Amino acid sequence: MSYVSGYVPVIPLKNSVLFPDISMPLRIGREKSIAALQKALRDNHWVILLTQKNPNASVDKIEDLYQVGTLAKVESFRMEEDGSYNIFVKAHQRVRLIHSRDSEGHIEAQTEALEDSGRLDKKTEEALLSSLRQLSDDLLDLLPGNTRQIREMIAEIEDLQTLVNMCAAYADINISDKQEILEIPLLKDRALKLLDRLQELKERLKIQRGIRDKLQESFQQNQKESILREQMRVIREELGDHEGEDLFAKFKDKIDKAGMPPEALELAKNQLRRLETSNSASPEYQMIRTHLELMTSLPWNQSSAQQDIDLEAAERVLNEDHYGLEKIKKRILQHLAVMKLRKSQQGSILMFIGPPGVGKTSLGKSIARALGKKYVRVALGGVRDDAEIRGHRRTYIGALPGRIIAGIKKAGENDPVFILDEIDKLTRGFGGDPASAMLEVLDPEQNNTFQDHYLDTPFDLSKVFFIATANSLEGIPLPLLDRMEVIDLSGYTVDEKRQIARSHLWPKQLKEHGLEENQLQITDQALTKLLTHYTREAGVRDLQRKIASICKHMSLKIIKSEGLPLLVEEQDLEDIFGAERFSADMIGSLLPPGVVTGLAWTPVGGDILFIESAQMPGKGNLLLTGQLGEVMQESAKIALTLLKSRLPLLDPLLDFAKKDIHVHVPAGAIPKDGPSAGITMLTSMASMLLNKPVDPKVAMTGEISLRGSVMPVGGIKEKVIAAHRAGVQEILLCKRNEKDLREIPEDIRKDLRFHFVEDVNEVLKITLGVNVPKWDQVQLPPPSPLSSTDAGT
């Protein structure tokens with residue numbers, strides 16, 4: 001090989017020394033090294049490999065490197081996604097640094113070749129060859145594993161320089177010793193120095209083997225763990241590495257104090273043994289370490305300090321944090337009373353169902369405060385992979401525990417109040433069904449052995465007080481719903497919202513905006529107008545935002561007035577929010593025939609809806625618009641069938657065969673479904689056909705059957721509150737829904753007039769003032785005599 005002259009790119013080596021005739025894979029990741037490699041690849045693939053004096057320091061100048069290295073050629077390379085390179089180099093020549101310079105973000109150097117000075121006589125060379133072979137065989141005897149191929153390779157080498165380079169490159173000796181051997185000019189001296197270092201290595205291996213043999217003889221099978229630890233201690237002392245020993249001791253102490261059950265304890269000890277024997281640079285080492293950190297940080301036996309339930313304190317906390325909701329608070333206190341009597345909270349799984357902003361999540365916080373327990377919340381909206389619940393298996397890169405175990409770790413106690421927020425928003429995806437994964441979490445018979453895939457050992461969730469929240473029962477699988485006690489939270493009345501605003505929202509927003517109570521106040525008239533003309537919701541979330549906007553708007557005025565107290569009055573609301581968004585009375589003074597006010601339930605509370613009907617010449621067809629679902633379409637068909645069978649008894653001139661009827665429910669962009677609009681659709685079509693308007697202050701809800709019966713529906717409280725809010729004065733309900741009025745506040749009930757009906761004839765009489773005769777009251781003509789042909793004779 002001819003020597004390469006001129007400037008050649010320099011690549012620093014951290015923990016290795018490359019000898020001539022030796023090939024080695026290298027990973028190039030530092031910026032200067034990448035620049036040097038790219039320069040070499042553009043030219044002739046030659047590089048100079050120099051070892052760093054301090055492997056832990058960055059290379060800023062040539063003085064940070066040893067002055068003797070090797071000239072090597074890049075045989076192959078591959079660029080990785082992160083911009084680094086994996087290369088394969090072969091060293092050709094020892095070289096000494098003459099001159100260096102910085103060039104294009106890397107170091108280039110001129111070198112001189114280091115040739116062996118002086119020749120060895122044949123006897124000396126053979127003696128050194130024999131000594132190296134014998135010492136190499138002795139070292140291989142002390143190493144574990146199959147070394148046959150290495151022995152055969154050494155036996156085939158006849159050149160002393162090649163054998164010296166090979167043994168120096170692969171022997172487990174210090175980097176500084178390898179560098180010293182590389183720099184020695186004479187081959188004989190290099191061989192003698194190498195023999196000296198290999199002899200030291202042999203003695204060290206013999207000591208280690210002696211320690212291992214002695215320990216194996218002294219200890220029994222049940223003390224293998226101590227043997228391995230002692231071996232690693234000796235090895236680390238020889239290498240000067242104490243970090244691994246400290247980490248091992250730390251984990252051992254944590255495992256002893258964690259209070260794990262037997263199965264988890266056995267897994268942790270196995271993982272600790274694997275950690276001890278793993279290379280700290282390997283991915284497996286980091287995976288085991290992360291797993292052990294999770295296992296030792298979980299609260300296996302750490303519970304909250306307060307175990308006894310103080311019902312009086314719990315009631316006081318609930319009343320402090322929430323106004324109204326008396327029935328809900330009573331249900332919660334009953335649940336806590338059962339827990340107190342059982343002296344256990346196993347099986348404590350509640351579900352709060354209600355519109356946004358009614359206090360579902362904040363009730364969970366209050367329960368945690370009342371019980372003196374940690375509070376953990378996990379948002380489940382949009383979760384579509386069961387690994388989010390059960391965790392990922394550790395075989396995957398970037399694996400993590402599931403949200404349940406992660407929440408328990410965050411709490412630091414094994415009995416927190418755990419909020420599963422928006423559980424109705426779980427969706428099935430390609431990664432599995434998270435709702436099915438929740439079955440094991442929420443089943444009191446199974447969750448004492450809940451197994452997270454990442455944790456890989458059972459964890460007891462039976463002490464956790466789970467509280468799920470949802471806006472609707474729709475979308476929640478029945479098996480999952482069956483495992484929870486459902487508590488409905490309906491919307492607030494205007495009076496309740498007024499009290500909540502005064503007692504909770506207004507003081508809270510004043511504090512958050514740096515205001516004192518004596519600096520800013522709001523009149524009762526302004527607060528009422530804010531509730532009726534600028535917000536319309538079941539909860540109080542939008543109300544809280546509006547109060548925050550008032551505080552922001554008035555803060556500037558307070559500063560300009562030099563801190564003088566201000567009062568928010570009715571006229572100020574228009575300056576802050578603009579024109580009124582809602583009318584206190586949504587119902588008009590008059591509706592045309594065919595338009596009727598109905599009541600609906602939505603996941604965000606009750607609401608009113610108008611159903612419109614029109615007729616035109618046709619062939620008896622029914623046209624339905626407004627994005628109506630199948631059940632609602634069937635209700636319209638039943639209503640039309642009832643009218644076809646009954647209205648001709650009232651008006652014989654009605655000819656349905658020559659009319660097309662069109663029924664529309666406004667807000668056509670919103671899908672609608674359910675049977676509760678049955679009587680509303682029937683009344684709307686009857687009003688249109690008889691050309692009689694219905695009082696807009698009259699609203700109704702109820703399902704109808706083909707016999708004309710009015711059947712009960714759900715969501716009565718939410719619907720009645722919405723009707724009252726909209727200005728309705730009379731409501732038609734099924735007779736069997738009369739019992740549901742007990743849930744409605746007294747101040748709302750006394751403002752409304754209720755009609756309880758059992759048949760559609762009663763509905764038509766109340767709304768249209770018509771008295772449709774029943775079939776048994778109709779005088780039918782006598783049947784005509786049958787002809788002989790009709791009689792079949």
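Glycine is no exception: its Cβ is also placed from the backbone N, Cα and C atoms.
The domain 'Lon N-terminal' feature in Swiss-Prot is assigned to 8-202; the stated evidence is sequence analysis. The feature ATP binding site is assigned by Swiss-Prot to Gly354, Pro355, Pro356, Gly357, Val358, Gly359, Lys360, Thr361, with sequence analysis given as support. If you look up Swiss-Prot, you'll see 590-770 marked as domain 'Lon proteolytic', on the strength of sequence analysis. Sequence annotations record features per position, and here Swiss-Prot assigns active site to Ser676, Lys719.
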For Gly359 (ATP binding site) and Lys719 (active site), determine the Cα separation and express it in whole Å.
19
For Ser676 (active site) and Lys719 (active site), what Cα-Cα distance in Å is obtained after rounding to a whole number?
11
Using Cβ-Cβ distances, find the residues under 8 Å from Val358 (ATP binding site) that belong to the same chain and are at least 6 apart in sequence, listing them in sequence order.
Leu489, Ser490, Gly491, Tyr492, Ala538, Gly539, Val540
Show, in sequence order, which residues other than Gly354, Pro355, Pro356, Gly357, Val358, Gly359, Lys360, Thr361 on the same chain lie with their Cβ within 8 Å of the centre of the Cβ atoms of the ATP site.
Phe352, Thr469, Asn471, Leu489, Ala538, Gly539, Arg541
Alpha-carbon distance [Lys719 (active site); Gly357 (ATP binding site)] in Å
17
May I ask for the distance between Pro356 (ATP binding site) and Lys719 (active site), taken between their Cα atoms and rounded to an integer number of Å?
16
Per-residue pLDDT averaged over the domain 'Lon N-terminal' (8-202) comes to what?
88
For Gly354 (ATP binding site) and Lys719 (active site), determine the Cα separation and express it in whole Å.
13
In the structure shown, with every protein chain counted, which of the binding-site residues Pro355, Pro356 has the densest set of Cβ atoms within 10 angstroms of its Cβ?
Pro355
Could you give the Cα-Cα distance between Thr361 (ATP binding site) and Lys719 (active site), in whole Å?
23
When the binding-site residues Gly354, Gly357, Gly359 are compared by other Cβ atoms within 10 Å, fewest goes to Gly357
Whose Cβ, among the recorded positions Thr361, Ser676, has more other Cβ atoms within 10 Å than any of the rest?
Ser676
Pro355 (ATP binding site) sits from Lys719 (active site) (Cα to Cα, rounded, in Å) at a distance of 13
Would you mind ranking the recorded positions Lys360, Lys719 by how many other Cβ atoms sit within 10 Å of each Cβ and giving me the lowest?
Lys360
